Amino acid sequence: MALLRGVFIVAAKRTPFGAYGGLLKDFTATDLTEFAARAALSAGKVPPETIDSVIVGNVMQSSSDAAYLARHVGLRVGVPTETGALTLNRLCGSGFQSIVSGCQEICSKDAEVVLCGGTESMSQSPYSVRNVRFGTKFGLDLKLEDTLWAGLTDQHVKLPMGMTAENLAAKYNISREDCDRYALQSQQRWKAANEAGYFNEEMAPIEVKTKKGKQTMQVDEHARPQTTLEQLQNLPPVFKKEGTVTAGNASGMSDGAGVVIIASEDAVKKHNFTPLARVVGYFVSGCDPAIMGIGPVPAITGALKKAGLSLKDMDLIDVNEAFAPQFLAVQKSLDLDPSKTNVSGGAIALGHPLGGSGSRITAHLVHELRRRGGKYAVGSACIGGGQGISLIIQNTA
C-alpha cells in the first residue's frame, strides 16, 4: 500500500554476512541483530530511549533464546523496558516485513520511531529428535531431523526450494548457461562494489575470533570474487538431473543481520533526525508455491500500482537472488533493466541469511541511491510457500 503518514528511514546498517560454518557461526541471531542495532542507533544519532517499538524478522529460530529475540535485542541496546517487541516470520521476506510492520505501527500512530531488523544464523540451525518427549518404544531408532533442510522444503507441495527454481527454469526456458553467466555477474558486481567501497556506509564491522587471534570482520565472507565461468560450469546440478541449479548459482547459506530504523515525519522534526529515505509503499502477494520464486513479479507490480509509479521511475531495483533461474524468471517477466538491477551483486555472491536479506537489501538501496543521486528504488524477495514482498523507497537527499 501507499503510506498514510510520512515514514522515513533514519538509519540503515547491516553486519557483514558470514559463510555457513564460518566466522560468525558462534554468534546467535540475537547477537548479530544487536551488532547491527548498535551500529544503526549510532549512525543515525538515535537515542535508544526514543524507540517506541522493536520488530525483528527471523525464520529458523536457531538459538535457545530465539523466542525472546526482538525483546532481548531491545533490552541489550538500551531501549526502554516499557517499549514492546515483536519477533516475526515471513520467511525470506522477514527483513522487509519488519519494515512493513513498523510502517503500519507508525501509520496507526501506535509508534513514532521503530527499530526494524532481520536476522539469521543458519549455521546454528539444530538437528532435532521428534516424538521422544513422552517416551519411545523398545527397539525404535531415533531419527535426527536437520531443521535447516526441513525449513528449506515446502511440505505442502513436497518440493525443496531448489526444485521450485527448476520449475521456473523450465517454464521460462532458462538454460544452465544463462544461470552460470548470471552467477558470475553477481560475483563480479559484488567484487567491483566491494573494492570501490560501496558497502562501507551500510556495514557494521564485527570483532571475530580467528586462528590468528581477534580481528575485525568488515567484508562479506561467502563471496567468491575469483570465480570463473569454467568453474561454475563444472559444478553438478543439485536438485535435478540435467538441471540448472548448482551450489555456484544458488544463494549461499549464511549468517547475518540488518537493522533499519524508521521514524514518522513528526519524530524526525522532534528529534532532529536526518532522513536518508522515505518509505513510499509496499506490497505482499501470494503465488503458486511450486514456482514460489516468481513472487517478486506480483509484489513489485502491486507496489508500483499502489504508489502510482512505474519501473521506469525506479533508479535502482534489487531482487533477492535465491537461485539464478528464479532471478532470471523475474527479470524476464518484468523486463528489468540489467544496468540498474542488482547493481552490486546479490545473494548468489554474498549469501542469503533468510530473515536478514530484506534488511540487507533495504540498507544497501538506501545508501546506494544516495551515492548515485537517484530518486526511487524498489527492493523485493521471493518467499518460500509462494509469496513475494516488495518495498519502494525515495531518496530524501
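Glycine residues also receive a Cβ, built from the backbone N, Cα and C atoms like all the rest.
Summarising the annotation, Swiss-Prot assigns N6-acetyllysine to Lys25 (among others) and lists similarity to another entry as the type of evidence. According to DSSP, Lys25 (N6-acetyllysine) sits in a coil region rather than a helix or strand.
As annotated by Swiss-Prot, N6-succinyllysine applies to Lys45 (among others). Long-range Cβ contacts of Lys45 (N6-succinyllysine) within its own chain (separation 6+, distance under 8 Å): Phe273, Thr274. In the three-state DSSP classification, Lys45 (N6-succinyllysine) falls within coil.
On its own chain, Cys92 (active site, acyl-thioester intermediate) has Val59, Asn320, Ala322, His352, Leu354, Gly355, Ser357, Gly358, Ala381, Cys382, Ile383, Gly384 as residues at least 6 apart in sequence with a Cβ closer than 8 Å to its own Cβ. The active site, acyl-thioester intermediate annotation in Swiss-Prot covers Cys92.
Thr119 (phosphothreonine): 40 other CB atoms within 10 A of its CB, across all protein chains. Among the features that Swiss-Prot reports, phosphothreonine is placed at Thr119 (among others).
According to Swiss-Prot, the phosphoserine annotation covers Ser121 (among others). Every protein chain shown contributes to the tally, and the Cβ of Ser121 (phosphoserine) ends up with 29 other Cβ atoms within 10 Å. Taken residue by residue with DSSP, Ser121 (phosphoserine) is part of a strand.
Sequence annotations record features per position, and here Swiss-Prot assigns phosphothreonine to Thr136 (among others). Taking Cβ-Cβ distances under 8 Å and a sequence gap of 6 or more within the same chain, the neighbours of Thr136 (phosphothreonine) are Leu142. For the recorded site, Thr136 (phosphothreonine), the DSSP three-state label reads coil.
Less than 8 angstroms from the CB of Lys137 (N6-succinyllysine) sits no same-chain residue that is six or more residues away. Residues annotated as N6-succinyllysine in Swiss-Prot: Lys137 (among others).
Swiss-Prot lists Lys143 (among others) with the feature N6-acetyllysine, giving similarity to another entry as the kind of evidence. In the three-state DSSP reading, Lys143 (N6-acetyllysine) counts as coil.
Counting every protein chain shown, the number of other Cβ atoms lying within 10 Å of the Cβ of Lys158 (N6-acetyllysine) is 10. The N6-acetyllysine feature in Swiss-Prot is assigned to Lys158 (among others).
Annotation source Swiss-Prot lists N6-succinyllysine at Lys158 (among others), citing similarity to another entry.
Residues annotated as N6-succinyllysine in Swiss-Prot: Lys171 (among others). Non-local neighbourhood of Lys171 (N6-succinyllysine): Ile291, Ala329, each in the same chain, at least six residues away, with C-beta under 8 Å from its C-beta.
Cβ neighbours of Thr227 (CoA binding site) (same chain, under 8 Å, six or more residues apart in sequence): Ala183, Leu184, Gln187, Gly248. Annotated CoA binding site per Swiss-Prot: Arg224, Thr227, Ser251, in sequence order, evidence recorded as similarity to another entry.
Lys240 (N6-succinyllysine) carries neither a helix nor a strand DSSP state and counts as coil. The local packing around Lys240 (N6-succinyllysine), expressed as other Cβ atoms within 10 Å of its Cβ over all shown chains, amounts to 15. Marked as N6-succinyllysine by Swiss-Prot: Lys240 (among others).
The local packing around Ser310 (phosphoserine), expressed as other Cβ atoms within 10 Å of its Cβ over all shown chains, amounts to 11. Among the features that Swiss-Prot reports, phosphoserine is placed at Ser310 (among others), with the record citing similarity to another entry.
According to Swiss-Prot, the site 'Increases nucleophilicity of active site Cys' annotation covers His352. Secondary structure at His352 (site 'Increases nucleophilicity of active site Cys'), as computed by DSSP, is coil.
When secondary structure is read from DSSP and collapsed to three states, Cys382 (active site, proton donor/acceptor) falls in the strand class. The active site, proton donor/acceptor annotation in Swiss-Prot covers Cys382.
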Euclidean distance between Cα atoms of Lys25 (N6-acetyllysine) and Lys240 (N6-succinyllysine), Å: 30
Longest CA-CA distance among Arg224, Thr227, Ser251, per record bound to CoA, angstrom: 15
Fewest Cβ neighbours within 10 Å, where candidates are the recorded positions Lys25, Lys143, Arg224: Lys143
Set of same-chain residues at least 6 away whose C-beta sits under 8 angstroms from Ser251 (CoA binding site): Asn320, Glu321, Ala322, Phe323, Gly346, Ala347, Ile348, Gly351, His352
Reduced DSSP assignment, Cys92 (active site, acyl-thioester intermediate): strand
Distance [Cα-Cα, Å, rounded] between Lys143 (N6-acetyllysine) and Lys25 (N6-acetyllysine): 25
